[in-house]
Structure formats: structure tokens, C-alpha cells
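Chemist: Could you have a look at this structure, given as C-alpha cells, before my questions?
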Amino acid sequence: MSLKEKTQSLFANAFGYPATHTIQAPGRVNLIGEHTDYNDGFVLPCAIDYQTVISCAPRDDRKVRVMAADYENQLDEFSLNAPIVAHENYQWANYVRGVVKHLQLRNNSFGGVDMVISGNVPQGAGLSSSASLEVAVGTVLQQLYHLPLDGAQIALNGQEAENQFVGCNCGIMDQLISALGKKDHALLIDCRSLGTKAVSMPKGVAVVIINSNFKRTLVGSEYNTRREQCETGARFFQQPALRDVTIEEFNAVAHELDPIVAKRVRHILTENARTVEAASALEQGDLKRMGELMAESHASMRDDFEITVPQIDTLAEIVKAVIGDKGGVRMTGGGFGGCIVALIPEELVPAVQQAVAEQYEAKTGIKETFYVCKPSQGAGQC
């Protein structure tokens, strides 16, 4: 049973009438451009065919009823006439409440809604299940009430909800790609202007995501430290962000910087350049060059930004040994565990899966999870 059929069926059972619309918003994987988002740089994600699906219908009052199919059909209910505050027990409900609350601040011309939510974006794998939920809820209200909001505004609304209502710091990439993703394309995003450019993906290439299942413990504290180090670097160059520093300017004075800050800055500057070049390599179907750029990105994250762990490095090495120069592989996400992403010719996927199954657990004691994805369409009706 598809997520659409599942949510429509649950909706009719729970609320006693059929849903009028079914909306989806996808998760994402970032192909290249790591920790560049909060430095006003470039990222190159694609939406994936794992998504959050919501069957819904407008109400003729100001009540919102939401059922979470993946949390034992828990039901949340709140009114648009009262101040929206956090739910005491249901964390999932706060993503919904936050999106609705921030949407009210943007455009209050919507009424009540009934929703049933289900998704298959793996949680805790760094594939943006939360952004996919935020964008899905925003799209529901935009579609049901014909709100004059574009994808970028729905994305910004989701980011605000996560930062200010849920209380998690995040950049804008995850929500933007979920809202604006294009089938068979990646999206080059300028995190300063929020400008986007669709980049066609070569035919016959699979997007493979492998979760190391190494439990991330340092990610919060280390993320904040990296952010501070980047801000220190920008201040040294008297620029608003590292986006504004050239590699030539850096090389001329690198010896004057604190050695650790210098390494962090070098990663951001080289990663930005790699990301822009990767977009044109992909567009030209040059998988060999894309693979080189992904390998350089991984080495930079390992040696300069120091956010990989041995388990992730092992996983990347196993994949690289199979694909050679026919594709690319690197860690993706915040670091200290999580996933690797690989661009692999479809005919090599079984060999990669077999090599990883035979070697990764033997070397690390952890069993991986393997996802084969397609670059998918952003949020909309399904």
C-alpha cells in the first residue's frame, strides 16, 4: 500500500469523510557542499524518492486536527483562534504547530484543516525528515487555501518554525530542496541570495545513500564549534562571511591565522569552489570529474574540517574501491557519523551493495543501511 493510499484510508476512518487532497514533500541528500550553507556559500542537494505524505481537507471552522500514522495514530488538536504553544508530549506535533503558527504571521487568510501524516524518510539519518514534514504542512495550507506563497517562502517558513518554535538550528538548504526539487535534477543553491539553478543528472546514474549507523554523539557541540571557527575566520578577513574571501587572499595570510581556524577556512573556500564546479561537471555528464570533486570534498572534511569518523572513512573506501573513476562517493551531512552519498552507474549498484555487506560490518562491527534513490520532484500534490 502506498503512503497516499494509507493516509487516505486512515483519514476516512478517523474523520468519517474522504480527504480532498494528498500532498507530498521529499527528503533530500546533499551531493556536495558541506558546512558551506551557514557561510553564505553554495550547496548541491537533490530531493529523493522518500517523502512525507499528508492526506487532508479544509474545515469550515478554525480547528486543526492532525493524526500521525507513524506514531501509533496519535492525534493532536488545536485552534487557530488561540495562541499556538508547544505540545507537552508529542514532539512531532511541534513541527506541525510551528509551521502553522509561523504561517499565521505571514498570511493569516486560512481556516481549519484535518490532516493524516505518514512518511518513509529515515529519521536520524540526516536525510531531512523534519524539513520534509515542515514543507509538506506548509504546502497543505497553501494548496487548500490558495495562499499566495511560493516554494521559497514555504521553505523559509519551515526553517523559522524549526529554529524558533521547535528550537533546532538549521540552515535553509533542507527546506528549499524539499520545496523546489526537480525530477532527475540536483539543485545548485546560493545560500546567500537563495537563488537556485536546476542541474540535470546524468542518465543511468543511481544516487546511493549508505547509513553508517554509527551513533552520532558529538554532532551538536562540534557543529557549534565549527560555526564559531568559521565566524572567527570571517572576522579576521573583515568580511561578513567566508563566501567573500578568495583562496588567493587566504593563501597570502594563512600563516597568520590560528592553525585550526586556517584549516576550517580552507575547507569552506575550497568546498565552495568544488560545489560550483561540480554543478557544471554533472550538467555535462562528466561523472569522472564529479567523482574527483567528491573525493576531494571527503578528504577536506576528513583532514581540514575534521568531521568524519573512521567508520565513515571505511565506508567511503569500500565504495571507492568498487567504482574507481566511474562515479563518486563522500560523507554527506553534518558529520561525526551519519551517511555517505555515492553517484554510481546503475549496473555497478549490486557490486557496491555486495562489497559493503561483506566488508563494512566485518571491519567496524556495525551493520549499514543501504538506500538506492532517484532525484525527485519537490513538494506538491500526489
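These residue numbers are counts, starting from 1, taken along the chain as shown.
Quick reminder: no glycine exception, Cβ is built from N, Cα and C everywhere.
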Chemist: Need a hand: Swiss-Prot gives Glu34, His35, Thr36, Asp37 for substrate, which of Tyr95, Tyr145, Tyr223 is also on that list?
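Modeler: Substrate site check in Swiss-Prot: besides Glu34, His35, Thr36, Asp37, the record includes Tyr223 out of Tyr95, Tyr145, Tyr223.
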Chemist: Do you know which of the binding-site residues Asp37, Glu162 has the most other C-beta atoms within 10 angstroms of its C-beta?
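Modeler: Counting Cβ neighbours within 10 Å, the top one is Glu162.
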Chemist: Using Cα coordinates, what distance in whole Å links Ser129 (ATP binding site) and Glu34 (substrate binding site)?
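Modeler: A Cα-Cα distance of 18 Å.
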Chemist: Measuring CB to CB from His35 (substrate binding site), give everything in the same chain under 8 Å that is also at least six residues away in sequence.
Modeler: Arg226, Cys230, His267, Ile268, Glu271, Phe305, Ile307, Gly334, Gly335
Chemist: If I take the Cα of Arg28 (site 'Transition state stabilizer') as reference, which of the binding-site residues Asp37, Gly126, Leu127 has the closest Cα?
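Modeler: Nearest listed residue in space: Leu127.
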